[in-house]
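Swiss-Prot has this to say about the protein:
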BINDING   1213-1220, 1240-1247  ATP binding site
COMPBIAS  329-347  compositional bias 'Basic and acidic residues'
COMPBIAS  1112-1131  compositional bias 'Basic and acidic residues'
DOMAIN    1200-1375  domain 'Helicase ATP-binding'
DOMAIN    1401-1559  domain 'Helicase C-terminal'
REGION    329-372  region 'Disordered'
REGION    504-552  region 'Disordered'
REGION    1110-1135  region 'Disordered'
REGION    1613-1643  region 'Disordered'
MOTIF     1322-1325  motif 'DEAH box'
ZN_FING   1804-1821  zinc finger
Amino acid sequence: MVVASEIAKVASKTARDIAGCFTCQCGTQFDNVERIVQHFKECRYRDETCKDDDIVVYEPSSFVQDEKKDKPIIVEAASEATSEEACNSSKERQLPALSALSALSTLTTSANDDLWTARLIWQSTNDTKLDNSPSSNYTDLNHKLANYGLSILSIHALMCVECECLLNVIHTAQHMQIVHKLELNEDLLWFQELRTLKLKSPTNVLQTHSSQTHVYPYIRGLPVLLNGYECVPCTKNGTGFVHAIMDTFRHHVRRTHGKVIKLENCIRRTALQTVKNKYAQRCQFFKVDYVPLNGGEEEEEEEGEEKEDAQNIKERMVDFCFSKFMEKNQQRREQQDKGENKKRQDDVDQATDNNTNTILEDDEKDNDEEEEEEIVNAREKNLLNQQFNWTAIVKKLGENWDQLVRFEYTNGIVTLDTIVNQLIRYYYRGFRHLSGMTMGMRRMFTQGGSYSAQERGLCRLEQKDTVVRYAQSAALYLIFLLRRPSADSGIRRHLEAMCGATVERKEGGSNSSSNISNVANFDSAEDDNDNDNDNDRDSNNNNNNNNTNTDDDDKLAYLELHEALKLAFLQQYDFSKNVQDLEIMEFLACMSLHKDGTSKYAYEISACFAPLIYTCRLVAACELQRLIDEKQIDLLSIPSFQTAGSIAYAHVFCFITLGQRNLYDVLYETQKVVRDIIRTEGYANTLQGLSPSTVLFQPRSNSMYPCIGDAFNNMVRLDLSELTALYEGMFAKVQDLLKELCFDMNVEKLLPISLLRSIGDDINNSKLGYSFFKESIEIRSSHSVLLRTILKNSELCHRFFPSMSKKDLTKLFGGVSDQQRNECDNYSNHYNDNSNDNDNDVFLKLHWSKSAIKKYETKASIFNELLFCLVYISAGQPARAQEMVYWTLRNGKYKTRELYLMFGRLMIYSRYDKTRNMKFAEKPIPRFLSEPLSILALRYYVLVRPLEALMKYVTTADRSKVAVYLDFMFVIAGERLQRDLPYRIFPKATYQCIQKPLGFRNYRHIAHYFKEKNIEEEMTRESYFDLQAGHTRNTALYIYGRTMDNLHYLPSDYFANFFRASYKWQELLQIRDNPTHGLLVETKHPFIKRVDQLEEALNEKLARLVGEQMVEGDKEKDKTNEEKNKDEVKAEMTQPVVNQDSHDLQDQLATTPTAPTAFHYRPGLLQPSQTSVQHCCWALSQYYGLEAKFRSLKQFQSVYFSLLNRMNLITVLPTGGGKSLSFLIPALIEKKRQTPGKVMNMVTLVLVPMMSLRQDMMLRVNEKGLLVCSGNWTAFKDVRLTLETQLPDLFILTYESALTNSGLRFFESLATLGRLARVVIDEAHLLLTSGAWRTALSRASRLSGLYAPLHLLSATFPRQLEMVARQTFCTNFYVLRETSTARENIFYFLHPYDNTEFLLDLRTLMKRTKVFEGDGRAIIFCRTKKDVEYIHRRLHQSDLFAHTHVTIYTGDVSDEERQMNFDAFRNANGKTRIMIATKAFGLGINYMGVRLVVHYGLPASSMDYVQETGRAGRDGKYAIAALFYEKYDSTWSSYVEDSMKNFLNDNTMCVRSFLASEMDGECVCCASFANCVYCSRCSDSLLGEESTVSTMYGVKPTLPETPKPAIATHSRYNASFSSSPPPQPGNSSGMSAMNTNTTSTTPVSLSELSEITLFPSSVSPTWKKSFGNANTNLKYGLEDMSLSHRRGHKRTYDEHLNNVQQGVNHDMNRVHGSVGGMSGIVGIGIGIGDGDGDGDVDSRTIHFAEYKSRVQAVKKQWVDSTDISAQLERFFRVYKDECLSCTLGNPDTEIRAHTGKACPVRLSTCYKCGKADHNLRECKLRIRFQGLCLFCGLTKFEHADSDMAYTSDCRSWARKANLISLVYYAWNNVQYRRTIADKFLQGDVRDQAFYGFVCCSTTTNSAFVLVIHYLLSDVLQIM
């Protein structure tokens, strides 16, 4: 063969410049060609077959030269050129290719070892790919070497790919034979020829990398040790030392640096490599720059290819530019991770400020738990009192005990904030002391004195939040000691000195916050606020604290604080001292109580002990370190430290030794007792299991998402099927969102589901930035798909680039095409030129639409929120929210990723941080997503995330903002998911899907319960479900715990077992399309298999003993049947558990058989039941005597339908029309119906607007003594509600007291038990219209969630309010309305006000109405309280009323005085004749003797006028309603409605006509009534003289009297009634609200009631589910009126529902004869015979179905209302970097760098009115907030729990977004004022109207939210 020296003669000039000489294979060097030829003849390496004629010398002209430079740029360029010439020559001379390669190797491995040569050689190694390029001479050889698993690297070294090591080319054949067992028979000669290659041996590579200070490019194919150790002092000295073994590194530090420098100060992590060699005895490591370059350069176009068109060029350029954009982000990220340890941005002082005033809340709850409702647990309280008698201790402290533990303190220079800040610094200084101690010394401070082998002793706190919380607890104890009367002066003195030193340091200009940040450099990952710039999550592995020295002030402050802590925590008490007198017990006693004095649960109290115990131990450790530093003790005397009499024991260990009567001992023993109580206490009864598939959970009381209609004693029912519905609902939303985010692309075709199984993922790969996304070419090629889709689609292109045409885009990307090759070749140089990076970026040159980007980002944020919830629900047992927010997609600098691919699923492989912190042990927890969710998440990360990153870059022009999209799994509004967001996201998402607000804690309990009851079968100790949930099996079986056992090893089936756990949970949730693809093979346990075999053998033996003779066919048949039966049993047992009660009710009802009835319905009119009429008349007689009659038909209908309990009613009767009887009579009948000893009474809930009305109604009910009523439901709050619980018959409550969360839950419990008969709302028009009850109105819709009919009562209920009522309560109402609101017995008198004649006119009116006679009374209504005082003063001063007593009724009068005045006015024998009051007195006050009502000034509305005039003539006698008005009010007054103004200005309009049109929607007048007193406008007489009226219209001076109001019938109850329907009358009173037939007010007798037709023959479709006849009931969803409506008096809600589903028919207890003997349930037979019907199940079913639909409507309404605030919150998170004031001013403006507060548009104007001539303080506009937070403008429903609402520390999103000022600015903007006024203010553009609207809470949503949402969504359309 030809040796290398022959080819060396063809060396070029370039090669000479590099090497300086020619080298023969034997190693001899030559400087010219002649000498090498002579040497070749004598060289021993010369091949015998080679002759001298073969030696050819090439002329220099044939050499390849570099004309531009004397030296080559990179070695490969010269090498390839030389090789090309060599190959050409070899072809001419037919030389073997191997010889050419040998020559190349000889040239590149020159013996010249100058720096330039070495640098050029190692530049070539930047090509980390194998040397397989087409132009390389290694290509053919590498193809053949690949067959043996070998490859030649670009560093000219031979590598074994399988062993990942470099080989010496001489020993290659031996390596393949011995190590890989290959037989090299024919190829042995070829391996011997490889020896001629001059490849580097491993030794040469190590020698080349001998320097331990330089950083070399890493060698691809060899393993990289990412966490190697580098000696910092050696590196600074220039010598350097690196190693991968900690012990060796420690020996080096001790040997080289001694004990002067601590080991922690020497260590620095770095990436290392070593060349593995079989013959190397010791490993030599060298530092490498671990930055693998991505390939994927664009292939050059081949010659002869046709020119691409513009579209193809654009698409190719987009893909290229996008790939370059992603690579730049990757390299920037890796460079930051590689060497630039950026200073952390979080500030401990800021964190302290943010956590100020939260110590009490933090001590009362766990880190990831939600607050519980404050209720007293008597058993727990007694247990604690038995042990500690804390209640007595608190009593001795006095009434102001809560001030002792108040987290606020300022006394001179001693402030709480200063103490907390210095305590934080003290903790971190103590941590440094602990790091210098050995583990044995730290174990001396172990809690309890006992430790396991894994216990590290007293360790530093991992989380920064924990440090702050512990510091706050210790500070609170110090403040407690200072506040005590007998406070230790020493503690105060030291704290004052400490605060003084702190003040001096601050005045000196030192930055304490930066020092704290440096001290806190090793905070854990949970508290890392890295601003998404890097992936640092500093833990104890990287606690390189450089700032170890502090100045004198810091040292002085530290020493003074240490002395104060010693006095507080290192205490030893006298054994004779009572424990209750200790300061620590007094502190714990105060902390054990809520602010209202109720006891906390034991688990709430337990949070107080850990900070105090840890502080006590840490102070002792610091004191020991002080003794060591001062040389008072020697480390050699460690064994005697805990010996009594030693200095260490006397100063340190006696205070932390148990049994020595010290503070530590008291805390430790108290904690043990509390923990024992916790084990029996549970979790405050928050979860109750009803069945394996049903639970009851207790939601938070202050949740902004209330549970409507499903409460059981404040607990909510949840079925397993609802979890399935929750997952399916969220998954459907996520699918739709992904479709929108991908612009309706066919993602299934682009990224099929098979991709999950085809992508490879190296789980053990710890390379920086590695993730499985890099392993698939499909993924890498799909990053730019969405961007190319935008550019190709015209609609999308216009949406994102509205100002650019397609030609502009094509031209822009076409210009990049010419520079593509240069940019690829000079990529690194281009990237390093940061100054021109943004200018040359093509994406920054595009004119993007910021609104389109924000909308896209908002959708993506919603997607991430739902994806977070889906992962939390379906991945197995739920994880912790604090850990989920840090899950990453790729490997970071100090932690590996959490997202992996395994078993064809996405696997989340997280580490349990809490175990790591406590035990210093890893606890890896795998969770597997379902297959549908896996592919959906994968498509999102592959397609959408790159586009999000690009959009973030173009909006900010900052690549550091892009890293968060490439790193974290969940990104919200451009930031990593914050720690507090999950607690808002999860309840909101669950409420939107299933209308039940599941909190994190609720779901963790529920998931554990369902798992225990449906999946976990064996009581094994190691449960993979419990490991996923974060607790051990033993803990899970007791109290839901937190600690875990160590996992000593990972078995081979570790991941498979977790996969099985996740899959079983997903199977329980019935997740569809989730196959296992055969990966889960459930094998039978060997023991069970053995039992089955024995059973088969036993059966065979028994068969033989019996002697059965079976033919072959019978055997086969029997065997087939047996197998069939086994299969059926197996299939039945393997079916998933399904809750049969949770199916949709309507589906079950469709198949529920009903029993046939004994009669048939007759179409036509329906009539009331005879028995029901009897009962109504009997109850009426109990109230008003035997002669009482119903005043009108409508009144009877109201009573009767209320008794039926089948429909929701609106009863509109005139004042004095007997509306109260509609619930009093049914309540009395139901009370008599109850069965003694079995079922207790039904309850009626009555809501009234005013306290006076409540008192008046309760007084009237109590006077009769027939019913028991109560005005306070809270007295029964703590009573356990059952069917036998004795309750009042009536609850008469005000709106505010009943419509609270706790009140609604109480009545929901009653309704669930079937004991709530009806809900009555008196004066319902006020609830729906008046602003005084806006807060109550926001909760009024929840009344529809009660399983009881609604009954709205009012005398003034306009028809327009009917639609408002339907929308508010989400149901239809049946309306009972009298034809005219105006009363027939009242003379309506209108007269202009004359100040001089007013008193005289008043006296004249009082004489006409005989107020001065008998029990006559007069009421004067005034608009304001000033008017009341004015009239009252004039009457007292006037001689006309000298002998007349006058009283007043206003809001300023106390309750006692109001009640006294009202009693005096109502007393028939009293002297008080006149009541002067505001309109509050006009609501429902029932006094029959009011003869005159006077209005002093105009009422605000027609409803107020009708309501107040209705106080007169309630007994049916003649009365006058006089209105004195001023001309100004009727024209210009702002508080009077326009309708009232028009009415007064039109002198021809009849009063009754006006009231009828406004209230009833009818056109009538005084002449339309057959028997009425004409109004002043229809009468010729000024005052309507009675004689004139009588003469003109033939009526008596006084209307017919009726004894008592309202009511009466005959005393005969046994009258014979016909059971058959009466003949159809010609003209009957219809039920429809549109019926305008007049109805007589003549009392209705019993005989007339028996023939009354209650329902018309036809029903309008408008009133579905409200009324109907027999043949239309089912059509409109009504119950059958012919069936007895039996409520659940004897059964609970569950039994009632089960009976409905199972079709159980209840017996109908009919009652005949006298009411006095009533018992059981009264049937209501309407239009039927005497036979009993069996259709009660259908009746109750339809009623229950209507109720369920009503509840669903209310839930939807509530969700819609809360979703508006959630949308705005999400919007402001997205737009947090933009000034929205500028956006409102000019929607097309560019993104502003300033914030809203610094907006130049806003700085020059007033905050409120927007004017520039004054500032905020000088503004005359006065704004008063009602029901809103003064600092953010939100209602309490819109606040989160952590917002600290209604305080100056409010942290809501609205305050951060300046919502109030933004709305003010929009109103003061001319272009929005008219728009807002038309939308919300009926066109009123006055400032007073606007601020009155936005600053008062009217609904669940704040008006500020409604206004800004309307502007952003409907007007600007940017939401």
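Glycine residues also receive a Cβ, built from the backbone N, Cα and C atoms like all the rest.
Projection of Swiss-Prot feature records onto the structure.
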{"residue": "Leu1213", "record": "ATP binding site", "DSSP (3 states)": "coil"}
{"residue": "Lys1219", "record": "ATP binding site", "DSSP (3 states)": "coil"}
{"residue": "Met1240", "record": "ATP binding site", "DSSP (3 states)": "coil"}
{"residue": "Val1246", "record": "ATP binding site", "DSSP (3 states)": "strand"}
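Residue environment of Val1246 (ATP binding site) contains 26 other Cβ atoms, counted within 10 Å of its Cβ in all protein chains.
For the motif 'DEAH box' (1322-1325), residue counts in helix, strand and coil come to 2 helix, 0 strand, 2 coil, using DSSP. Sequence-distant neighbours of Lys1219 (ATP binding site) (same chain, 6+ apart, CB under 8 A from its CB) are Gln1195, Ser1198, Thr1211, Leu1213, Asp1322, Leu1353, Ser1354, Ala1355. Regional average pLDDT for the domain 'Helicase ATP-binding' (1200-1375) in the model is 83. Other Cβ atoms within 10 Å of the Cβ of Met1240 (ATP binding site), summed over all protein chains shown, number 19. Same-chain residues at least 6 positions away in sequence with a Cβ under 8 Å from that of Thr1215 (ATP binding site) are, in sequence order, Ala1355, Arg1383, Val1506, Gln1507, Thr1509, Gly1510, Arg1511, Arg1514.
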